[in-house]
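Take a look at the structure set out below.
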Amino acid sequence: MRGANQSSVSEFFLLGLSRQPQQQLLFVLFLSMYLATVLGNVLILLAISTDSRLHIPMYFFLSNLSFVDVCFSSTTVPKMLTNHILGSETISFSGCLTQMYFLFMFVDMDNFLLAEMAYDRFVAVCHPLHYTTKMTPQLCVLLVAGSWVIANLNVLLHTLLMARLSFCADNTIPHFFCDVLPVLKLSCSDTYINDIMILTEGALITITPFVCILISYICITCAVLRVPSTKGKWKAFSTCGSHLAVVSLHYGTIFAVFFNPSSSHSAETDTAATVMYTVVTPMLNPFIYSLRNKDLKGALRTLIGRKRFPT
């Protein structure tokens, strides 16, 4: 019976862009933001990999964040742009599950990497003399590898729970990608287990890194306030400014989407918030880090100069 119900809905309709009156303008806007995301993050990856001065833990985590952001945007935006060009609004059931899998795996990786970057700043500010002994290359690789394993296991659980559901009626998703909450609303099965897992295990995966970031910055603030000179305090805080801006943007949009009461949700507000965390945030991250970081700006100038005037 379940297989019959699932086979009755073999595809979903993604109406996030087609239902907007300014379709052509939005298409150009999304394409521009996606190209800016790829270009900005790839430049950061190249700058970090080619400049030996940036081969330190902070930039190791940043390069992983840039890679994840490129993959994150590539999970949703190209499919939406392709559908618009082809005049199609469909995505297969298996394609929808695959998109959800990778989308939320990269969301989890963003959460973990931001927490690891906060820990790196905590060690740098609070234990500067022990920084090289604490933040070893082996520890950095272990943190990132462990994050990939946990993220995949977490998303695999939610994907398997989603795959067991039946979809036998409406198959229209008012978004430009397969978001978990709108898809759950379309199911004609009991989604109690899915809802419970999202509110418990899923929330734990999201909130735990956020709590680690808060604790790190509380400790950083206490350490900085003990610095006697104003110049020293500003220098310590300036090393964390870019990271704080990215954390605020990332978690602000996630909490707006997933932790608001369901009664306050509407298709328009949900779409706007999801655009923020799937398209705008990955695009802004490289600009935030490069504009406030002298070492990274220097590496980018060297990289661009090398491409323009090859020896």
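Glycine is treated like the rest: Cβ placed from N, Cα and C.
Listed features, source TrEMBL:
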type     : residues : note
DOMAIN   : 40-289   : domain 'G-protein coupled receptors family 1 profile'
TRANSMEM : 25-47    : transmembrane segment
TRANSMEM : 90-107   : transmembrane segment
TRANSMEM : 139-157  : transmembrane segment
TRANSMEM : 203-225  : transmembrane segment
TRANSMEM : 237-259  : transmembrane segment
TRANSMEM : 271-291  : transmembrane segment
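Recorded stretches compared: 25-47, 90-107, 203-225, 271-291; the one with the most Cβ pairs under 8 Å to the transmembrane segment (139-157) is 90-107. Across the residues of the domain 'G-protein coupled receptors family 1 profile' (40-289), the predicted structure has a mean pLDDT of 86.
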